[in-house]
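Novice: Take this structure first; my questions come after.
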Amino acid sequence: MAAEHHPATPRSDGPGWEVDRPAEDEISEATRVFATAINIPLNDLLDTERDHPVNEPDRFLVVRDGGRIVGTTNSHPFSLTVPGGPRPAAGVTGVGVLPTHRRRGILTALLREQLADLRRRGENLAILWASEGGIYGRYGYGRAFRQHTYSVSRAHAALRPDAPRDPSLTLELAEPADVLPDLDLLHRAAQAERPGGFPREGNWWKLRLWMLSRPRPDTSDLRAVLVRDAGGHPVGSALHRVTTGYGEGGLPTGTVSVREVNALTPAARTALYEYLFDTDLTVETEVVGLPEDDPLPALLADPAQAVRRGGVSLWLRLVDVPAALAERTYAHPLDTVIEVADRHAPWNAGRWHLKTDGEHTRVEAATTAPDLSLDAAHLGSAYLGRGPVTTHVDAGTAVEHTPGAAARLDTALYTPRAPRCDTGF
Ligand SMILES: CC(=O)SCCNC(=O)CCNC(=O)[C@H](O)C(C)(C)COP(=O)(O)OP(=O)(O)OC[C@H]1O[C@@H](n2cnc3c(N)ncnc32)[C@H](O)[C@@H]1OP(=O)(O)O
C-alpha cells in the first residue's frame, strides 16, 4: 500500500486533485484502496470481482498522490425504473479515500468529475447506497427512500382470515441457482411495478446470490421457495435462510431471514408469508428490504405485534436536471418555474420552466420569476415521488415564492406505489 501521507492544509473544494481513469493493471490497486477505505477484507472484493465481473473498467475514476492511487469511485450502468418506465442511470459505488488522505477534497474532486462523466454518457440519474447519511447531500444526492425490515414473531404470525388463499397453488423449495429463470421472471415483474429498482442483467443475479449465500455461523444455505399456479407457472418467490439457535432448556430460538419476496398475485403473497412464518425450530421471521407501503402489515391479523425498523436508504441525484425532469411522467399536469442551486454540477444551476400534461413534458431554461427555489438534492429526494419538497420548505432549506407551489410539485411527482430497490451494488 504505502501511499505516503503528506499533511496539507485541509480543503474540500475539489480543485487541485487530478481525477483520472486507472490503467487496466491498476484496477486491483484501486480495489485495494476501496477495501482499505471501507474496512472490508480485500479477498471479499477480489472474489466478487473475479467470479462475477460486473465492473466496467472505464467507469472507474481515481485520484493519485505521488503516483499511488489514494481515492476511488466507480459506477455501474443500470436501467432504473422511474415513473414512466425504465431509464438509463448510474449506480455509484466503490467510493473510498485512504485514511491517510481524508478531508483534503479528494472525494469532492472524484464526485464532481464523475457527474461530468455520467452526463457525457447520457445517464441523467445517479443512485447510490450511502455508507453514512452525512456524506452525499452536499453533492446534490437526496435520500429518495428507505428500506424497511419487519420482524414477526411466530406467536403473532397469523394472517387475517380474509387474506386471499388459493388451494390450487403449490410450494416448491429449490436451490436458487436451479430456478434462476423463474426468480428472474418474478423479479422483473416486481421491478416494473414500482420505481427505484432495476432488473438484474448480466452477472447481477450471480453477485446477488453470492452476497446472500456468504457463510454465516449456524445458518442454513440460501433457499428459494417458489409458488406455482395450477398450470405450473411461477407466481411467487422468496429467498431466505434459517439461523439455528437453542436457548434455556434447549428450546429452539431460530430465525427465518427473508431477503426477497416477489408475488404476482395477492394469493401467492399469502402462500409465501404463511410458509415463511411457520418454520419449525424458529420463533421469528425477519423480512428485510420491504418498501414503505408493503402489504405485509395489511395481511397480519395483529399488525401491532410486528416490529418495523428502518433500514438502508437509496440516494438519488439528477445528473442533468432538465433532462431527468423531462424523462419521467407525472401524476398531474403542472406548469411551474423552479430555481435550482447546484454547486457541483453547474450546468443544472438556474431557472427551469417545467410544463407537463402528465405524459408529455418540456423543461426549458426560464427567465421569469421562480415559483420555488431549491437545491438539486431536494429534487433528488423528490424524484421517485415519496420525498416531499414541502418538507424542505417547512424546514426552511427550500423557499416557496408562489404559495402552494411546493405542494403542486409534490402532487405531480407523486407515485402511488412507494419505491423499492432490492439489489446491493
Ligand atoms: C456509494 C459508496 O461507495 S458509499 C462508501 C463511502 N465510503 C466510505 O464510507 C469509506 C470510508 N470513508 C472514506 O473513504 C472517506 O472519508 C470519504 C470518501 C467518505 C470522504 O472522502 P474525503 O476525501 O475525506 O472527502 P472530502 O475531503 O472531499 O470532503 C468533502 C466534504 O464532505 C465531508 N465529509 C467527508 N466524509 C464525511 C462523512 N463520513 N460524514 C460527514 N461528512 C463527511 C467533509 O467534511 C467535507 O465537508 P465540507 O465540504 O463541508 O468541507
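Cβ coordinates are placed from backbone N, Cα and C, and glycine is handled just like the others.
Whatever TrEMBL says is automated annotation, not expert-curated.
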Novice: May I ask you to indicate which of 1-21, 232-252 is given in TrEMBL as region 'Disordered'?
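Specialist: Going through 1-21, 232-252 one by one, TrEMBL flags 1-21 as region 'Disordered'.
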Novice: At its widest, how many Å does the recorded acetyl-CoA site span between Cα atoms of V95, G96, V97, R103, R104, G105, I106, L107, T108, S131, E132?
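Specialist: The span, Cα to Cα at its widest, is 19 Å.
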Novice: Hey, which of the recorded positions I106, F425 is the loneliest by Cβ count within 10 Å?
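Specialist: Counting other Cβ atoms within 10 Å of each of the recorded positions I106, F425, the minimum falls on F425.
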Novice: To the nearest Å, how far is the Cα of R104 (acetyl-CoA binding site) from the Cα of F425 (active site, proton acceptor)?
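Specialist: Checking the Cα atoms of R104 (acetyl-CoA binding site) and F425 (active site, proton acceptor) gives a distance of 26 Å.
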Novice: Run through the domain 'N-acetyltransferase' (25-166) and tell me, per DSSP, how many residues are helix, strand and coil.
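Specialist: Going by DSSP assignments, the domain 'N-acetyltransferase' (25-166) contains 52 helix, 51 strand, 39 coil.
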Novice: Helix, strand or coil: which one is F425 (active site, proton acceptor) in, per DSSP?
Specialist: coil
